[in-house]
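So that you can see what the record holds, here are the features copied from TrEMBL:
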{"type": "DOMAIN", "residues": "61-249", "note": "domain 'ABC transmembrane type-1'"}
{"type": "TRANSMEM", "residues": "7-26", "note": "transmembrane segment"}
{"type": "TRANSMEM", "residues": "65-87", "note": "transmembrane segment"}
{"type": "TRANSMEM", "residues": "99-121", "note": "transmembrane segment"}
{"type": "TRANSMEM", "residues": "175-196", "note": "transmembrane segment"}
{"type": "TRANSMEM", "residues": "203-223", "note": "transmembrane segment"}
{"type": "TRANSMEM", "residues": "229-257", "note": "transmembrane segment"}
Amino acid sequence: MTRKGTKLIFFFSILFLVMPVILLIVKSFSFSWKWGELFPTTWSLKGWQVLLTEPRLWQALQSSWWIGIAVVLLNLLIAIPAGKTVAFHSFKGKRFFELSFILPILIPSLAVAMGLHMTMIRLGLADHWLGIVVVHLLPSVPYTIKIFHSSFERIGPHLENQAASLGSNKWYSFYSIYFPLLVPSIRSAVFLVFVISLSQYALTALIGGGNVITIATLYFPFLSTAKEAVIASFSLIFAVLPLTVLLLFELLIRIFLPYRKRNR
């Protein structure tokens with residue numbers, strides 16, 4: 001492929017990703033955008049005014065952000081050791097455990113959550129944000145384990161074995177060897193898990209009982225409105241929220257990443 005062809009593919013790929021966002025921005029400031037018009041004929045801030053004057057918006061943003069952060073952290077704590085164990089060790093039932101990675105695709109999370117609802121009530125986690133955090137692990141943990149399972153298989157155990165032969169303990173080996181190599185996987189897992197948590201409407205409504213307001217539970221009722229500007233404004237906020245979490249974790253990675261001073 002020629003250099004010009006590569007540039008064209010890159011340009012159209014970026015255009016394909018950016019155009020929906022541009023359309024949402026334009027639609028959020030439009031009063032009416034009729035079929036056949038290249039651009040809106042009238043502009044208005046009504047969509048943003050309706051959204052920003054919604055009294056539950058800021059509560060929903062805070063709840064979604066903190067619940068998503070908690071779900072991401074728990075996913076990392078569970079999936080990193082689990083992925084390493086599956087990649088480096090053989091044990092009875094390993095094949096079945098690996099097949100469980102695709103369960104979120106095969107089994108609806110809502111079906112499992114219905115069974116967990118009574119357990120949440122007994123444990124006092126129903127109608128509470130902690131219960132929502134727990135139930136959000138159902139559709140996210142298998143994907144995260146699969147991500148780190150593939151990463152550890154790619155890295156292999158030989159680097160850790162060499163470090164152990166030189167007297168390094170497991171914690172320092174993980175921090176100095178695996179952590180820098182897992183950074184791309186951590187970025188992917190953080191973004192994926194937060195988006196999964198943010199988009200859970202049925203699970204949140206079931207376990208939260210309407211007492212815990214998140215962006216998803218606030219967003220879906222807005223879909224019934226005929227005001228496209230309001231929906232576009234809400235969609236932009238929905239899209240920006242995961243980026244703030246990704247930037248936060250990127251900052252934390254840069255702070256804790258070993259050898260950062262040496263690379264400057």
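In case you wondered, yes, glycine gets a Cβ from its N, Cα and C as well.
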Proximity verdict for the transmembrane segment (175-196) and the transmembrane segment (7-26), three or more C-beta pairs under 8 Å: no
Contact call for the transmembrane segment (99-121) against the transmembrane segment (65-87), three or more Cβ pairs under 8 Å: no
Beyond the flanks of the transmembrane segment (65-87) by 6 or more, those residues with Cβ under 8 Å of it: 94, 97-98, 129, 132-133, 136-137, 140-141, 144-153, 178, 182, 186, 189-190, 193-194, 196-198, 212, 214, 241-242, 244-245, 248-249
For the transmembrane segment (203-223), sequence-distant contacts whose Cβ falls under 8 Å of one of its Cβ atoms, 6 or more beyond its ends: 54, 56-57, 59-61, 63-64, 67, 109-110, 113-114, 116-117, 120, 125-129, 131-132, 134-136, 138-139, 230-231, 234, 237-238, 241
